[in-house]
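As recorded in Swiss-Prot, the features of this protein are as follows:
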type	residues	note
ACT_SITE	C327	active site, thioimidate intermediate
ACT_SITE	R425	active site, proton acceptor
BINDING	D270, S271, S272, G320, M321, G322	NAD(+) binding site
DOMAIN	112-171	domain 'CBS 1'
DOMAIN	175-233	domain 'CBS 2'
Amino acid sequence: MATNNANYRIKTIKDGCTAEELFRGDGLTYNDFIILPGFIDFGAADVNISGQFTKRIRLHIPIVSSPMDTITENEMAKTMALMGGVGVLHNNCTVERQVEMVKSVKAYRNGFISKPKSVPPNTPISNIIRIKEEKGISGILVTENGDPHGKLLGIVCTKDIDYVKNKDTPVSAVMTRREKMTVERAPIQLEEAMDVLNRSRYGYLPIVNENDEVVNLCSRRDAVRARDYPHSTLDKSGRLICAAATSTRPEDKRRVAALADVGVDVLVLDSSQGNTIYQIAFIKWVKSTYPHLEVVAGNVVTQDQAKNLIDAGADGIRIGMGSGSICITQEVLACGRPQGTAVYKVAQYCASRGVPCTADGGLRQVGDICKALAIGANCAMLGGMLSGTTETPGEYFFKGGVRLKVYRGMGSLEAMSQGKESGKRYLSENEAVQVAQGVSGNVVDKGSAAKLIAYVSKGLQQSAQDIGEISFDAIREKMYAGQVLFSRRSPTAQGEGGVHSLHSYEKKLFAAKM
């Protein structure tokens, strides 16, 4: 049966064009072509849509939120990582502000807490209240000497101190004592520890050694998040993966040092034209100074641009120049490339070098994301599609009875006046006259980004199913082998492929049972 199915997959009749033939002539974008269907012998739920973001980081959902100041701050970055993607924190702010955002993301979901907050038994309750307010934690370990890895005596939680009137009372008088606590002995796997927490009624699970000394700690909050978001993008310690943008000027080395200190996982070098001596030198410096950090370089639209950045040590490449919905680089500067052609050409070269690439710009709907992944991109970066969601920065406002949010390009005059870093992206931060390469506008409230990403995920699975492949890795492999076929679309065909011939209609993209 399997052999017969394999035979059904092989395209023996040349009906359509290969990707190489499709992109041989004029520059194309996503709406200019369509993917031809293949043979289906599996369910959509079986499709693996995961993609490589950098050499070492793979995303369960190959979606990255753009480092724009109206798209990605800590709330969006948390949501993206929880859902299985990753968010790139914008850098149009002070170093200190960006560092705080990274800390917020990294602290949102812990695996093992290696240095849990601990106090000695004579600590007054007033100190516990202060620590809880400053750190935002509800449970504090009590150890023999206050050392995070000292002998465990007990734990003090909010319920233990809420009704104690004398705030000078020592925690030893109100804490839950060691003999009444649920603990586990090291070594233990994180999944086992989370399972114990799920089955117990306690908020925290200390892990101790044979001397009853604290090794680390697990919290119920993190166990619940692990249960509710089983495909989260995590680091080796079980914390959410976090990426952050930076420019490539010498003074940006201080920003990188500060980000590295608080545990950022990926640096995204943010430039509209990445093939510069500044970025090449910056990549080399980062990889030699912080070899554990992954570096995504760009933006590029040609193979030569990508080659220079990969030669410098880039762990990932970002593709796109002037194709975003709020970007006017191509019309103002007459420089760029149609995004479909850019993705195919650059991704082809990146694949030959074993470096993942991310398509950035021109993605208006799930079909565009599918096309980008099918012609070579490993991941897709979203800005406009995520704009107006609850997790984006900024407040909603009403105009004409419609609930809106601001969405602007980082090359807009508004963004460049907000912070110097936006100007650095376009190599114009010190210019007396700044040429806008983006616009600012308003977008309609789209609800939760979590629901939108879930919709994108399901849409990608169904797209791959129609193409007839079990994963996008398989689609790309077959595409390069000429076994995934395409067709050009005329303007009339594009109109035919959309909604037409109706007096009126309401376009709902998904119905969420969440």
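Cβ coordinates come from backbone N, Cα and C, glycine included.
Using DSSP to sort the residues of the domain 'CBS 1' (112-171) gives these counts of helix, strand and coil: 16 helix, 17 strand, 27 coil.
The maximum pairwise C-alpha distance among D270, S271, S272, G320, M321, G322, the residues recorded as binding NAD(+), is 14 Å. Here the residue listed as 'active site, thioimidate intermediate' is positioned 13 angstrom away from S271 (NAD(+) binding site), judged by their C-alpha atoms.
Around D270 (NAD(+) binding site), a 10 Å sphere centred on its CB holds 30 further CB atoms from the protein chains shown.
Helix, strand and coil residue tallies for the domain 'CBS 2' (175-233), in that order: 22 helix, 16 strand, 21 coil [DSSP]. Across the structure, D270 (NAD(+) binding site) and the residue listed as 'active site, thioimidate intermediate' are spaced 15 Å apart at their Cα atoms.
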